[in-house]
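A.B. asks: Here's a structure for you.
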C-alpha cells in the first residue's frame, strides 16, 4: 500500500502543469534538508527570476564585464551632458568652467558609489545580478500570459536585476547631489557670468535627467545591446566636428592648446571603450591589438585635412555660399 502511494505521489509531481508565459514562476515557500515546497505560478519576488524549470531562483551571479560596461555607459551619459552644457553656457573667458567640471565629476562619482552601496548586498561595492539571456528579459511586462484571452496573469518582474532599476537610482542620486552642491558653487565662483547665465547648466540638467529616465525606461534593453556602437559612432562624429570647428589641420594646430589635447585623449578613451565593449575581450590576446586602432581616426583626419580644407567649408557656410 505504501509503495503504491509513493508511485502515485511521484506521478502527481510529474503531471503537474508547467507555468504559463516566459516569466511566470513558482516561489519557494518552505525548504528544509529534504523538502522544497513551492507556491502557485505567479510573479517572482524582486531579486529573483525564473529558471528553465519555471522556479523562481535568487540572482546570485556577479555581473559580467559587458554588464559593467553598460552600467558605465549609462553613468557617463549625465556626466558628459553636464560637461557639455557647462562648457556651452560658461563662455570662453569664464574661470568657473573648470570648477564646475570637477564638481560634476564629483557628483556623479559619489552618486555611483552610493548607488552600489545601497544595492544588494548592502554596504559593499558589489552587486549580485541575474544573467541577461535575451532582449525580452528587459520587457517582461509584454509577456504576461492570457490563457483565456480575457484574464491576464501578471508576471512582470525585473528579470535583468538590477541592471534596469539601478540606473534610475543612480540618476536620482545624481540629481539630489547636483541640487545640493552645484547652486552654492556656481553662486560663489561664477561671478564673470550674468545672473541669467549662471544657473543655465543646472536648468539644462533638470531637462535632460527626465529625458534620460524615459530613455532608460523605454529603451533600456535596446541600449544594452546597441551602446558599444553608439559610443563608437558618436565619439567619431564629435571628434570630426570638433577638429573641423577648431580648424585643426595639422599636428602643430593640435599641439597649440592643452585643451585640444585633453579633448583628443578623451575621445580616444571613448574609442577604446567602444572597441572593448564590442569585442567584450572574450579572447584577450586577439582583442587587445584592436586598441591600436584608437588613434586612427584622428590621424586619418589630420592627414587628409589638406585635401578637404574644412576651414574653407566653414567660412563658406558662414557667408551663406
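Each position is counted from 1, following the chain as shown.
Backbone N, Cα and C atoms are what each Cβ position is placed from, and that goes for glycine too.
OK, TrEMBL features for this one:
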- 68-86: transmembrane segment (TRANSMEM)
- 98-118: transmembrane segment (TRANSMEM)
- 161-181: transmembrane segment (TRANSMEM)
- 202-223: transmembrane segment (TRANSMEM)
- 229-248: transmembrane segment (TRANSMEM)
- 260-276: transmembrane segment (TRANSMEM)
- 288-305: transmembrane segment (TRANSMEM)
A.B. asks: If contact means at least 3 Cβ pairs within less than 8 Å, sequence distance 6 or more, would you call the transmembrane segment (229-248) and the transmembrane segment (98-118) in contact?
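C.D. replies: Judged by the Cβ rule, the two regions do not touch, with the required three close pairs absent.
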A.B. asks: What same-chain residues lie close to the transmembrane segment (260-276): Cβ under 8 Å, and 6 or more beyond its ends?
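C.D. replies: The answer is 69, 72-73, 228-229, 231-232, 234-236, 238-239, 242, 246, 248, 253-254, 287, 290-291, 293-295, 297-298.
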A.B. asks: At a C-beta cut-off of under 8 Å, are there same-chain residues at least 6 beyond the transmembrane segment (288-305) that contact it? List them, or none.
C.D. replies: 236, 239-240, 243, 248-251, 254, 264, 267-268, 271-272, 275-276, 279, 281
